[in-house]
Amino acid sequence: MELFYFVVFGALGALVAALELSKNNKDRISTSPAFNSFKNNYLVVYSLMMAGDWLQGPYVYYLYSTYGFGKGEIGQLFIAGFGSSMLFGTIVGSLADKQGRRRACITYCITYILSCITKHSPQYKILMIGRVLGGIATSLLFSAFESWLVAEHNKRGFEQQWLSLTFSKAIFLGNGLVAILSGLFGNLLVDSLSLGPVAPFDAAACFLAIGMAIILSSWTENFGDPSENKDLLTQFKGAAVAIASDEKIALLGAIQSLFEGSMYTFVFLWTPALSPNDEDIPHGFIFATFMLASMLGSSLASRLMARSSPRVESYMQIVFVVSSAALLLPILTNFLVAPSEVKGGSISFAGCLQLLGFCTFEACVGIFWPSIMKMRSQYIPEEARSTIMNFFRIPLNIFVCVVLYNVNAFPITVMFGMCSIFLFVASILQRRLMAISDKPKVETWTAMKERDPEAEPLND
């Protein structure tokens, strides 16, 4: 493997270590033993849930190809997963507010374990069922656990600022360290032990089962809307009214969809961007490097959120501009660096520049996750938290499905340009959110009820 990869990985590792070891009292939040116990319990569960997710990611496409499916059929399976997350996942995820967030977290474990089991079958219909189950599980992963955490944190009377500590640690561990270890463990199972491409899915099911056992034994239930007469349609209507009546919530949803849409598109684009002429690149090592960059971002976010200034709404404007510039690099190198005509070989000079840009983008991803969680905890009403969070994922899943369907229709530079524009728009929306963040809601639920007797307030 080329020295360049080790230099980038080593530099990122040194930066992460320096940031973590150099933290002083200003960068740390003083907490209580009861909160630390609560936080550590959640971090163990969240890390196990993310391990179950990360173990599967690198091997889904590979598994389908070993079963003899072509690019078109595999694309349909992927679209089914995102479509399921948009349709069924939104409904199931929204039930968490009504039926209980702990129950929804357990449903995530069961659903994803069943999805893993379907990977043993080479039949297309069975694999399609697995993708549908996986889509439902994804919606629960990115809504139910955070909703449970915020509600339980508030129910136990912990300080609001302490939430940012849990968020940043969850991303540092779950989206950083666990992702790296999962990649290495999956590589050990498939390549070193020659257990086949289905082995990571079996390992994922085991981690999910362990996490479910901890949830069953140590988590208490909490709910969003406690009313008994509110059906799912009314619940959706209430969430839609919340988004429409509060500009802050609408802006937050738009920002999240723009950033995550660009992020998921990047997942499909980075491999062809770094190897346009079939250059031999170490995919697993590069993935681990990206996750290390994400750890760097989450470590930086923990420092920023531990202080009262700058506010999350302020520094995220800069993060979106930097991430937009980072995804412009493939376009700039395409114009400024002469393309190589040699097939195969090692990574090109343009590829090296792009890799540095991609690591910068991943660092921005590491800052984004805990920061968007912090803003969601501030602006989204507790009664419909899971429902609204799943509403945010609807445009995201539509966008990713469209990209997957047309992935070969546009040059890669056009796709990166589109992502860069989306991220710049997110920075503009973030600036607007900063401007109105201290303003109260224009209209209260009571006033809305008086104006429209049929409107259902979130609090009954």
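Backbone N, Cα and C define each Cβ position, glycine as well.
Whatever TrEMBL says is automated annotation, not expert-curated.
Listed in TrEMBL for this protein:
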- 6-22: transmembrane segment (TRANSMEM)
- 43-62: transmembrane segment (TRANSMEM)
- 74-96: transmembrane segment (TRANSMEM)
- 128-150: transmembrane segment (TRANSMEM)
- 170-189: transmembrane segment (TRANSMEM)
- 201-219: transmembrane segment (TRANSMEM)
- 285-306: transmembrane segment (TRANSMEM)
- 318-338: transmembrane segment (TRANSMEM)
- 344-369: transmembrane segment (TRANSMEM)
- 390-406: transmembrane segment (TRANSMEM)
- 412-429: transmembrane segment (TRANSMEM)
Ranked first among 6-22, 43-62, 74-96 for CB pairs under 8 angstroms with the transmembrane segment (170-189): 43-62
Best-packed against the transmembrane segment (318-338), counting Cβ pairs under 8 Å over 74-96, 128-150, 201-219, 285-306, 344-369, is stretch 344-369
Excluding the flanking five residues on each side, which residues at least 6 beyond the ends of the transmembrane segment (285-306) place their CB within less than 8 Å of a CB in that stretch? 1, 5, 8-9, 12-13, 15-16, 19-20, 23, 26-29, 58, 164-165, 167-169, 171-172, 175-177, 179-180, 183-184, 270, 274, 312, 315, 355, 358-360, 362-371, 374
Applying the under-8 angstroms CB criterion, which one of 6-22, 128-150, 344-369 scores highest with the transmembrane segment (43-62)? 128-150
